[in-house]
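Copied over from Swiss-Prot:
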ACT_SITE  TYR137  active site, proton donor/acceptor
ACT_SITE  LYS165  active site, schiff-base intermediate with substrate
BINDING   THR49, ILE208  pyruvate binding site
SITE      THR48  site 'Part of a proton relay during catalysis'
SITE      TYR111  site 'Part of a proton relay during catalysis'
Amino acid sequence: METTMFKGSITALITPMNDDGSLDFSGFGRFVDWQVTEGSSGVVPVGTTGESPTLTHEEHARIVEYTVQVVAGRIPVIAGAGSNSTAEAVGMARHAKSVGADGVLVVAPYYNKPTQEGLYRHFMTVADATDLPLIIYNIPGRSVVDISVETMARMAQHARIVGVKDATANLLRPLQVRRAIRHKPFTQLSGEDGTVVSFLAAGGEGCISVTSNIAPRLCAELHRAWQDGRVADAMAIQDRLSAVHDALFCESNPGPVKYAASLLGLAGETCRLPLAPLAEDSRMRVREALTGAGLLN
């Protein structure tokens, strides 16, 4: 699949669970199909929002395979393949390739705090393992390490490293990356719903979104408006969803978005420990944001 397909509103999928914490595959299938029909430009299973840290390896693999089956080629599936073990990330990427995913999203290794050279070698090794396009996921708030612009430019020399999901919340970064990587197209996707229009203005091409779990049609329309040059329309949608973006991070992701999904009848709110149920004041904030945006009566 052409890497130019990795643009627009791409949903970082929640993983629906039953009350006992087991996976709700039937609910997940309906949810993924709804994402496609509502206009999402792509989906990312088993990322941060999909609770990858608390999934078993077998569950991770099943979710990726099932997502590919449900999507059935209608939009790109970018499989989460991140780990703080390079060998484990390679295994996830190879599995994603074997079941028909269109690309992989690989997070910067967390907890073990590699140097920039270690980061470079990690991503190059994963990129060498398959012929899938690889999107770097830079989220220093969770991984502690920040992939520098210089390191990213080195990585971009690899033909299969095609872009980045930037969750630094630093709006200088897309400008810096665009200047540093000029030898080929390099897709920059925002990892921050709240600043998405500003990110697009700085050269971004899309967003791997949490909010699109519950408002996929609006998120997709924002990106279509931007791509069509209807800046005022894109800003109007951003303004409408602004309080929702904020509320969905009032506690650790994906707790708030799963609660929002439960209010809308899309999925249950259950997360696996150590993520706890939302506090009552957080629940109120999410409800008020959804109501204010016209998503909940």
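From the backbone N, Cα and C atoms, a Cβ is placed for every residue, glycine too.
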The residue listed as 'active site, proton donor/acceptor' sits from THR49 (pyruvate binding site) (Cα to Cα, rounded, in Å) at a distance of 13
Those recorded positions from TYR111, LYS165, ILE208 that fall inside 10 A of THR48 (site 'Part of a proton relay during catalysis') by CA distance are none
Should one count Cβ atoms within 10 Å of each candidate's Cβ, the recorded positions TYR111, TYR137 would be headed by TYR137
Nearest to TYR137 (active site, proton donor/acceptor) by C-alpha distance, among the recorded positions TYR111, LYS165, ILE208, is LYS165
Whole-number Å distance separating the Cα atoms of the residue listed as 'active site, schiff-base intermediate with substrate' and ILE208 (pyruvate binding site) is 7
Whole-number Å distance separating the Cα atoms of ILE208 (pyruvate binding site) and TYR111 (site 'Part of a proton relay during catalysis') is 23
Row THR48 (site 'Part of a proton relay during catalysis'), column other C-beta within 10 angstroms, all chains, value 23
Row THR49 (pyruvate binding site), column other C-beta within 10 angstroms, all chains, value 23
